[in-house]
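Asks: Just dropping this structure here.
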Ligand SMILES: *[C@@H]1O[C@H](CO)[C@@H](O)[C@H](O)[C@H]1NC(C)=O
C-alpha cells in the first residue's frame, strides 16, 4: 500500500513538474514575444522621434533670426548745437529717455569737437548713448553748390548718426527702430511704446506744427490705411510729415545704406524726400491709436534775452 502510494505520489509529482515547467516555458515565450513587440514599438517610436527631430532642425534653420527674443532698441538721433538753452533742452529730453527701456541715444553735436557741457550731461546717464560730432560745412563751401543750405538744419548731424548705425550695427542681427528726436520738442513716454511697434515705417500725429494745432496722417476709415495728410503747410508733399512724426525700422536703414538727408532737398521737403526712398504712402503703419493720439509736440523754447553771461556756472 505504502509503496503504491509512494509511486503514485512520484508520478503526480512528476506530472506536476512537467506542468510547472510547461507553464514556465509558456510564460517565458509569452514574455519574450511581449518584450519583442514592445522593443519593436520602441524602435518605431524612436524612428518617429528622430524624424521629428530632423523636421524640427530644418524648421529652426528656416526661422529668420528676427524671431529672437532680443529687445527692440529705440535709436533716438538728436542733432544739437551750442546755445544758451542747449543744456536745458537736452536735460528735458534725456530725462524722458530715462523712462524708456532699451533706448540708445545718439547725440550729434554741430561742432568740431565734443563740448564739455554735452559730455558732462551724457556722463550722468544710466542708459546707452553715443556721442558724435559733425560740423555743418561753412557757408562758403556750400554757396556754390546750393544756395538753400541755410534752410536745412541737422543734415550733417543726422547723416553722421546714420553712418554710425550702418557701421556699428548688423542687418538681421541687431533689432531696432530709428527715430529722429530733435532737442527742442516735448516727447511723451507713450510715444516710445508706439515706436517699438514699427515694422517698416510707422507714423503718428505731431502737435503744434506747421501752423496747425496738430499735423496728422489721415486714414481711410474702412481700410485703416494712410490716404493723406492733415498739415498746415504743403499737405501735397508725398509725405507731409514732420521729423518727429515717423520711425523707421533699423533693418530698412541698414538695407539701404546710401539713403541720407540731402542739402539739395527742397526747403521743407527733407522728411518727404527721405521717406520716399524707403516706403510708399500705402505701406505706412499708422500708430498712436490709428493716429488719433498726440504724444509729441513741437514746443519751441523762447530764446532768452541774456544781458550777461556769468562766469563760473555751467548753465
Ligand atoms: C484702427 O483701425 C482699424 C481699421 O479701421 C480697426 O480695426 C482697429 O480696431 C483700430 N484700432 C484702434 C486702436 O482704434
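Here the Cβ of each residue, glycine as well, is placed from N, Cα and C on the backbone.
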Asks: Of the residues 110, 124, 220, 311, only one is listed by TrEMBL in the UDP-alpha-D-glucuronate site with 79, 80, 81, 153, 158, 182, 183, 184, 298, 299, 300. Which is it?
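Replies: It is 110, as the record lists it for that site.
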Asks: Please go through the recorded positions 79, 182, 184, 290 one by one and keep those whose C-beta falls under 6 A from any atom of ligand 1; give the result in sequence order.
Replies: 290
Asks: Taking Cα atoms as reference points, which of the recorded positions 79, 153, 184, 215, 290 is nearest to residue 271 (active site, proton donor/acceptor)?
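Replies: Comparing Cα positions, the candidate nearest residue 271 (active site, proton donor/acceptor) turns out to be 153.
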Asks: Including all protein chains shown, what's the count of other C-beta atoms within 10 A of the C-beta of residue 79 (UDP-alpha-D-glucuronate binding site)?
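Replies: The answer is 26.
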Asks: Quick one: Cα separation, residue 215 (site 'Interaction with galactose moiety of substrate glycoprotein') versus residue 290 (N-linked glycosylation site), in Å?
Replies: 14
